[in-house]
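This report refers to the structure that appears directly beneath it.
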Amino acid sequence: MPYGLDSVKPTEIAEHDLLNKSDLSEKSDKLSVQSRSVKSVDDETSSLLMIESGNMAKEKWKSDCVNIRSNGKNEQTKRENAEHRLSILSIVYNPTAHPTSYLNTLINMLKGNVGCGILAMGDAFKNGGLFLSPILTCIIGIICVYNQHVLVQCSKSVKEKLKLQHNPQFAETVELSFQSGPQRFQSYSVFFRNSVNSFIVITQLGFCCVYILFVSKSIQQVLSWYNIQLDVHVSILISMVPIMISSLIRSLKFIARLSAVANICMLVGLVVILYYCTIDLPPLSSRSAIAHWTTIPLFFGTSIFSFEGISLVLPLEQEMKKPKQFSTPFGVLNVGMVIVTSFIVLTGFMGYLKFGDAVRGSLTLNLPEEFLLSKVVISSMMFGIICTYTLQFYVPVEILWPKVEQKFGPFRSPLLWETGLRVILVLITFIAADVIPHLSLFISMMGAVASTFLALIFPPLCHMAVTSADDGGNGYGVFSWRLVMNCVTLVLGALGFVTGTYASVYEIIGAFQKVVVTAAAVTNSTSVNNYTTALEAH
């Protein structure tokens, strides 16, 4: 008899068993449920980690997660990789309650791709030339659409291969593509996942900086019509008030309503601007057909920035009633990007043709005071941009807040800490905008640095990892045309990143030097005038 039971009478044991029969049955039920849940977790773990052979042992998985000793950098990296793969299990696929139709998804795609970038295309065409720029824009658009198709295909391949119950998003697709690829790719999976998240944060905060500059420049323009001259730094400070208030909105439902209002304002403003650009057009020969080669990288940065919707591709496809309608030849992706590219080419062509070398970083800045609808257009687009800032700002907060909470939490007042994070991020965007108060150069730099990686670098790398693992590279098509396209895209992305970043930084330094020279000239002129006045007084 087990220790401790020899002194207990049989009747007491019977009574004890009788009294706790219901408790034991409940416990057994709970244990059975737990065992089933553990089994389901183990099954899901195995499905996530199975490569093509499908024979990764659970004991090996447990040793990766639990028994790794932290005795070096490689071991710490393995631990982080294992913990992240385990965190994937917490992601549960919840089908959308309101799946979207073809038309609704198309409208959402147009809304996600039409922003400040399209208003800067007039300046981009100045850097590319009136006839060369449309050709280059169409080529960039085709490559972007190809990469978006590649991203959708990689997401589906990863889901089928690993038998996932949820649809992987951008960063997870990149990570699992490398994780399920050849051995030489697997060690870089977590690095590329972190890289994608980092570039998404940089891109979204870059959008926010552009929006700040747009609002501040618009404030300057409107006040100048009333003979009120503001320094750009003062106008940035004024724009901080409404933007800071809007950035503290945490309800995604309310943000979505603001986004709908912003889209209406942006669409109306864009139509009015295009209408104004058709009035009294100069001859085509008055504009440069092909710009100097040194400004082409600036064109590249601005144009790639205008194709800013790659992060929306997977969510839009996954929310459709019929997801197959997204990637077909006449699906949402192709039709939507044809419309977006047409808008970009039309806006850039008409803007540069109308204003020539005087075109500004945003076409709204070229609207004159005497134009009847100028104030209405600028005011409505300012409001739309402030609302759009709130939506774009939501993404980096959603990426960064869990990391902050994991590293420094748990917090007694999570709301207070999240508010602090939001305030810090807003201040960072304002400081960046104040340091580089040149709208067109900021747009070009953000496009060359961040948008290039998201749109041109990561998708072909994912495709190469998945295809190499699937069938030894036979999925590249006839004459390996997909591999050739991937290589061309990577070369174009690398070249655009290097040249675009260099040209943008060079132009920004030149702009600062002009400011310094101008300030020195004004100071010297003032000193000379004071000296002359003093001599005349004597």
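For all residues, glycine too, the Cβ spot is worked out from N, Cα and C.
A quick note: this is a predicted structure, and the numbers were derived from the prediction, not measured.
Some features that TrEMBL has for this protein:
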type	residues	note
DOMAIN	98-504	domain 'Amino acid transporter transmembrane'
TRANSMEM	196-214	transmembrane segment
TRANSMEM	226-245	transmembrane segment
TRANSMEM	254-276	transmembrane segment
TRANSMEM	296-316	transmembrane segment
TRANSMEM	328-352	transmembrane segment
TRANSMEM	372-395	transmembrane segment
TRANSMEM	415-433	transmembrane segment
TRANSMEM	439-462	transmembrane segment
TRANSMEM	483-505	transmembrane segment
Beyond the flanks of the transmembrane segment (296-316) by at least 6 residues, Cβ under 8 Å:
100, 105, 108-109, 112-113, 115, 117-118, 120-121, 123-125, 127-128, 133, 136-137, 140-141, 144, 147-148, 151-152, 155, 167-170, 173, 200, 203, 207, 326, 332-333, 340, 344, 395, 440-441, 443-448, 451-452, 454-456, 459, 496, 499-504, 507
Would you kindly check 196-214, 226-245, 328-352, 372-395 and say which stretch has the most C-beta pairs under 8 angstroms to the transmembrane segment (254-276)?
372-395
Taking pairs 6 or more apart in sequence, does the count of Cβ pairs under 8 Å between the transmembrane segment (226-245) and the transmembrane segment (483-505) hit 3 or more?
no
Look over the recorded stretches 328-352, 415-433, 483-505 and say which has the most C-beta pairs under 8 A to the transmembrane segment (439-462).
483-505
When you check the transmembrane segment (196-214) against the transmembrane segment (483-505), do you get at least 3 Cβ pairs under 8 Å, counting only pairs 6 or more apart in sequence?
no
